[in-house]
Amino acid sequence: MYKTCVWVLLFKIVLCYEAPPATLEAIHPKGLRVSVPDEGFSLFAFHGKLNEEMEGLEAGHWSRDITKPKNGRWIFRDRNAALKIGDKIYFWTFVIKDGLGYRQDNGEWTVEGFVDEAGNPVNTEGSEITPGVEFTSTSLNPESPQSIPNQPPDNLPAKPPSEGYPCELSLSTVSVPGFVCKGQLLFEDQFNIPIHRGKIWVPEVKFPGEPDFPFNVYLSDNAEVNDGKLIIKPATLESKYGEDFVRQSLDLSERCTGTVGTAQCLREASGPLILPPIITAKISTRHQFAFKYGRVEIRAKMPKGDWLYPEILLEPRDNIYGVRNYASGILKIASVKGNAEFSKKLYAGPIMTGSDPYRSFYLKENIGYESWNNDFHNYTLEWRPDGITLLVDGESYGEIKPGEGFYNVANSYKVEAAPQWLKGTIMAPFDELFYVSIGLNVAGIREFSEDISNKPWKNSATKAMLKFWDARSQWFPTWDEDSALQVDYVKVFAI
């Protein structure tokens, strides 16, 4: 079985320790016992539901942290559980070993018999079963990974180090159970194995849409790992599907990661409304890792080529404040447009609406001596409960402070979502869980302003995508091997 290991969470990819599978026992006449052998743990946690599947890593009907072993085992005991033959328990467990956490995920166990307090199989009348009769006490879903390293459960109260915490607790929180230590590495991927094997990233398969409406479709084939780097390349739709395919239809529904039945998964060309003529890719940690507050470091080489721009983002996992027009915000970690005339301008920061002037109100710029896409650079975004700091190669170039809240300025610009942010903290909408996403976009109706002299389309025009495609003899020659977005590593630290 392939296993993963991390500092704090799921995501430093090396072979490592595997949490022991739990043994579940139905006690006669009443009760449930769950245990694992003591292998030097400092904590054991059990979370489960009776006859109801778990929703991810929820607490469950049973939610207990055990801090001491007994007779060589860590034991959870519910003396009031009234179980019967055929009942099914869905569960996950968690252990801490040598300061790192490990989970047994997606556990399923069906009551097939009972034991007494000593663990001897008994019948429903309470008499001991004759030795030799088979008795099954534990079962796992074989299709699911059994052990995924992570950090200790976050439903534990904050305790000082003297009461069991080995560190100063962080302001950061994460999407999987765990206390977080200040400065601790939460996530790391150095892209040493294919994306699908790590099972950390989800490649998007869909047509991106509002509010930016880029002129590309995301397909998984255009993201690959090569020589320790993530490579995302642009390619024409015709290179994959044939000449003039932009005037056909493309149905991604069977593997679409967007909303099936919408334009995210199915497009049909009609007159001047052609299909997005470029294929790119986007990957995200949406299903595996999200966090609130931390420092993101990404070493990347930006793409060269007209009308290309990278999307290196933090995106909201739950869209608490709304879905449309970035109502729940996005954080640009770094972006550089691929056109030569823009390649010395690095920009990043928070975006909270789809259109200017407020869209770019908080974006910060760093004008380089040379083009940012000539080489790899270290791009950093530090996200705190009181603001955001942007750095490149260790040098700060931007600071964003919310003041009394982002609402005040947004409301003066008549941003529709602004009143929703009053429900949160002064950092709203940036006070919820966000995940990491990395992608490549082409053109669209927001990133390139109308005053660019050689731009072949108007953002507001119905024929915008067609005009872009018809001008390919102008921009396509600027694309080559350097037009790929290359990422060396991604790291997320607690603050």
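Placement of Cβ uses the backbone N, Cα and C atoms for every residue, glycine included.
According to Swiss-Prot, the features are:
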{"type": "REGION", "residues": "17-118", "note": "region 'Binds to curdlan and laminarin'"}
{"type": "DOMAIN", "residues": "17-116", "note": "domain 'CBM39'"}
{"type": "REGION", "residues": "118-162", "note": "region 'Disordered'"}
{"type": "COMPBIAS", "residues": "135-149", "note": "compositional bias 'Polar residues'"}
{"type": "COMPBIAS", "residues": "150-160", "note": "compositional bias 'Pro residues'"}
{"type": "DOMAIN", "residues": "188-495", "note": "domain 'GH16'"}
{"type": "CARBOHYD", "residues": "Asn378", "note": "N-linked glycosylation site"}
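The Cβ of Asn378 (N-linked glycosylation site) lies under 8 Å from the Cβ of Glu297, Ile298, Arg299, Leu391, Val392, Asp393, Gly394, each of which sits 6+ residues away along the same chain. Per-residue confidence over the domain 'GH16' (188-495) averages 95 (mean pLDDT, predicted model). Mapped onto DSSP helix, strand and coil, the domain 'CBM39' (17-116) counts 0 helix, 56 strand, 44 coil.
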